[in-house]
C-alpha cells in the first residue's frame with residue numbers, strides 16, 4: 001500500500017467533509033434567519049437577519065460559483081441573472097433608489113447563489129429539509145397560541161428588546177385568529193410552512209418509516225392551517241393531489257406526461273364549454289372567503305390592462321393607480337406584482353427560470369433512488385407553490401425561500417449523489433430495495449450506488 005497516497009486521500013476526504021459541514025451550517029443559518037423577525041436599521045436601510053446572511057455570503061458564493069468546475073452553468077442561472085439586472089434597472093428607471101435595487105439583487109441573486117453553491121449533494125439537501133421542517137414544527141405552539149388568543153407572542157416578547165415586524169390587522173376565520181408568528185403576514189407564514197409538506201414526506205426518513213412520514217406531513221399541515229390562508233392551503237392541497245397521483249400511478253412511467261396532457265385538455269374544454277373562465281369556476285370551490293377571491297379576480301383583470309400599457313420597465317415600486325374602477329388597489333398575485341414592477345421582460349425571465357429549473361431536474365440522468373425522491377418532492381413543491389402564488393404576493397423572507405428552493409435541487413443534475421443514502425435520509429435500507437413503494441416521478445431503475453469501505457477499515 002502506498003502510505004503517502006493513502007494519507008493524501010485521507011486528508012483530501014477530511015477537507016471535503018469539513019467543507020460539506022460548513023456548507024450545511026451556512027444553509028442552516030440562512031433558513032433559521034428567515035424565521036427571525038428582528039429588524040436592524042442602518043439609516044433608511046432595513047436589514048433583517050436573512051438579509052445580513054445574504055450580504056455576508058453573496059460575494060463568496062458568487063466567486064465559488066464562477067470557479068468551481070463541479071457547478072455547471074445552467075439556463076436557469078442565466079435567466080435569474082437577467083431577471084436580477086432587469087428588475088434593478090426597472091426599479092431605478094421608475095424612481096427607486098440604488099439601495100432598493102441593490103436589496104432586490106441581494107434577495108434574488110443571493111438566495112439563488114446560496115442554494116447553488118452550498119447545497120451540493122444529497123446529505124446537504126436532506127440537512128436543509130430537516131432544518132426547514134424543524135422550523136415549521138417548532139412554530140406550531142406559538143401559532144396555536146396566537147390563533148386562539150390573537151396575541152403574536154413571539155413578536156410581543158421580542159418587541160421588548162428589539163425592533164420587530166408589526167402585528168398586522170387581519171380578520172378571523174372559523175373563530176380563530178390568523179397566525180403570522182414571525183413573518184410579515186399570516187399568508188407568508190402559511191406559504192413558508194407549506195413548502196415543507198412534500199419535502200418532509202419524501203425526503204426525511206427511510207423507506208420503512210411510512211407512518212412517521214405521514215406524521216411529519218400532518219405536522220406541516222397543522223402549521224399551514226393555523227395561518228388560515230387560502231393560498232397556503234391551496235399549496236398544500238395541490239401537493240397532496242400530486243403526491244397521491246404519483247403514488248397511485250407509480251408503475252406508469254409516463255404518468256406526468258399523461259397528467260399534463262389531461263390538464264391542458266380539461267382546461268381547454270372548460271374554457272370552451274363554460275360561459276365563465278376556469279378561475280371563475282374554481283373560486284367558489286377553493287377560496288375560504290369567496291368575496292375576497294372575487295375582488296382579487298377583478299383586481300387582476302385591471303392590473304393586466306395597466307401592465308400592458310407600460311410593458312417594458314413596468315412601474316417600479318410606485319403605488320398602483322388603477323385606470324379602471326376596482327374595489328382595492330392591492331394586487332394579491334405574485335406574478336402580476338413582478339410584471340407590474342419590472343414589465344413583461346421581468347416576469348417572463350422569472351417564469352422561464354422556474355420552468356428551466358424544473359426541466360433541468362426532470363431531465364437529469366443517472367440519479368439514485370434517494371435523489372429521485374428529492375427531485376420529485378422539490379418539483380411538486382415548486383409547482384404547487386407557483387399555483388398558490390396566483391392568489392397571494394410574496395415579499396421579504398417568503399420570497400427568498402421561494403428563490404432558494406428553485407435552485408437548491410440543481411445539484412442533482414450537476415453531480416449524481418455519491419453519499420451513503422441511508423446515512424443521509426434516515427435509518428433503514430436503501431430505497432432501491434423497495435422500488436414499488438418509493439415516492440418518485442421516475443421508475444426507480446437507477447443502478448444501486450456501490451460504496452467503497454473507508455480507508456481505515458482496509
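Yeah, the Cβs are placed from backbone N, Cα and C, and that goes for glycine too.
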Matching range for TrEMBL feature annotation, transmembrane segment, among 254-273, 274-293: 254-273
The transmembrane segment (79-96) touching the transmembrane segment (131-155) per 3+ Cβ pairs under 8 Å rule: no
Interface present between the transmembrane segment (79-96) and the transmembrane segment (334-361) (three or more C-beta pairs under 8 A): yes
Per Cβ pairs under 8 Å, the stretch of 102-119, 187-205, 254-273, 373-390 packing most closely against the transmembrane segment (25-42): 102-119
Leading stretch by Cβ pairs under 8 Å, where the reference is the transmembrane segment (373-390) and the options are 48-67, 102-119, 187-205, 217-242: 187-205
